[in-house]
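K.L.:
So TrEMBL has the following annotated:
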TRANSMEM  26-50  transmembrane segment
DOMAIN    156-375  domain 'AB hydrolase-1'
ACT_SITE  Ser237  active site, charge relay system
ACT_SITE  Asp367  active site, charge relay system
ACT_SITE  His396  active site, charge relay system
Amino acid sequence: MDHITHLFKSGPSALWSTLQDTPPSIVVPLITITAALPIVLFSLYHAYAVSPVILIHNKSPVSITTYDSKTDTTKREDLVEYIKKNCPSLFGPGAVYRPTPWLANGHLQTACSAMKEFKDLYQIDYHRELLSTPDGGTVSIDWAPSLKQLPADSTPTLVLLHGLTGGSYESYIRALVDHVTKVYGYRCVVFNARGCANTQVTSPQLFSGGYTEDIRMVVKHLRKTLPESKMMGVGFSLGSNILMNYMGEEGDRCEFLAAMSVGNPFDMLGSCLAIERGWFTRKVYAPAMGGNLKKVLLDHADAFKNTNIIDLDTVRSEVVRMRQFDDQVTRKVYGYETVSQYYRAASSANRILAIKRPFLCLNAQDDPIAVDEILPRDEVCANPYGLMATTAHGGHLGWFEGMSNPTRWCTKPLAEYCAAIFEADRRSISETRDAPSAVRHFAIEE
């Protein structure tokens, strides 16, 4: 052992000289081990880190209408087969997620997602519009491009909902906005919840995972502003829970052509219990999320001063973890008796079966927040509009790939699904609705 240690401590010339004087019985195994090490490491990485995409869906999916502008004809295709054909990142030999080797862990992926801002990438020139809610609150929507740059027309529109206390500035939002606006020429609108992304809180109410009136108001505003544009929604984390709740509540009246859910906790009570159960997640994630919520509230404390809904002093002194915040603030603002009642009522898994538009759910099995055990696989399989894609790795809103400058893999399948739905029939709302062989503007039927 001392002889081998000496070999590595020597300089290049001394090492070569030493090797010449070293018995072959030592040199040959040493060279063999050194040569085999990269192969072993690569094999381990390929065996345990590379993640093929796993798809689950109903055995009898709905059909989608596709339109050929050259022949002015439409035809029906099985929705899942159509998606498989047009989304190589979800199905086929390229449907594999290869995580950054030094981020081949759900916690590392999640930490990178929270800390890496990608300031030099995805520079989006947003145009902000403020909207007032019926209760006197304020939400904001960020347009990319602005209506001045791209006036209202039939250009497809992607509506994005951010995660907990996030906003249009989040890197996962900007990455997708950058891709679909530049590659496909679509319009994007980011919905910023109350108190998020420098949006002021002007009534004693914050956002919650089960409150859908704000996104409903935004969609109505967008439909009025863009009467000929087909729209699709994509939500991330808590935003995806809100989006899927909205989709289920709207049913076959929904203005969205389709929806994409990314890193959705689905079962908010199950997610919270999983976070509280683990030592690391309880000590790291729960306080981090609770701290973010607490900061949003205290930054806008003036909106709650003249009400008896919540005790701001108690929030300041006692609230640390997310569950404590939801118990002291969220469930009181929204009139729930207990925090568990709020979590159960707000869980979008309850409304998966009621969704009547195509939807894609993308989740990582090593997500420490939207944990694998709570994913509503049975509900997705029971809904002919649904498709769930999972990868073994990716963390919470991570999915980083590449070595020196990691980027998000998830942008590719999301953009492909978005384009597949929008490009199936590029006619405007009025043209699609009036077409004799189409079924309303969303072009989906069972």
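Each Cβ is built from the backbone N, Cα and C atoms, and glycine gets one as well.
Given the structure is predicted, the values throughout are model-derived calculations rather than measurements.
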K.L.:
Can you give the mean pLDDT for the domain 'AB hydrolase-1' (156-375), rounded to a whole number?
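P.N.:
Mean pLDDT, the domain 'AB hydrolase-1' (156-375): 97.
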K.L.:
Do you know offhand how many angstrom separate Ser237 (active site, charge relay system) and His396 (active site, charge relay system) by C-alpha?
P.N.:
8
K.L.:
Sorry to bug you, but what's the C-alpha spacing from His396 (active site, charge relay system) to Asp367 (active site, charge relay system), rounded to the closest Å?
P.N.:
5
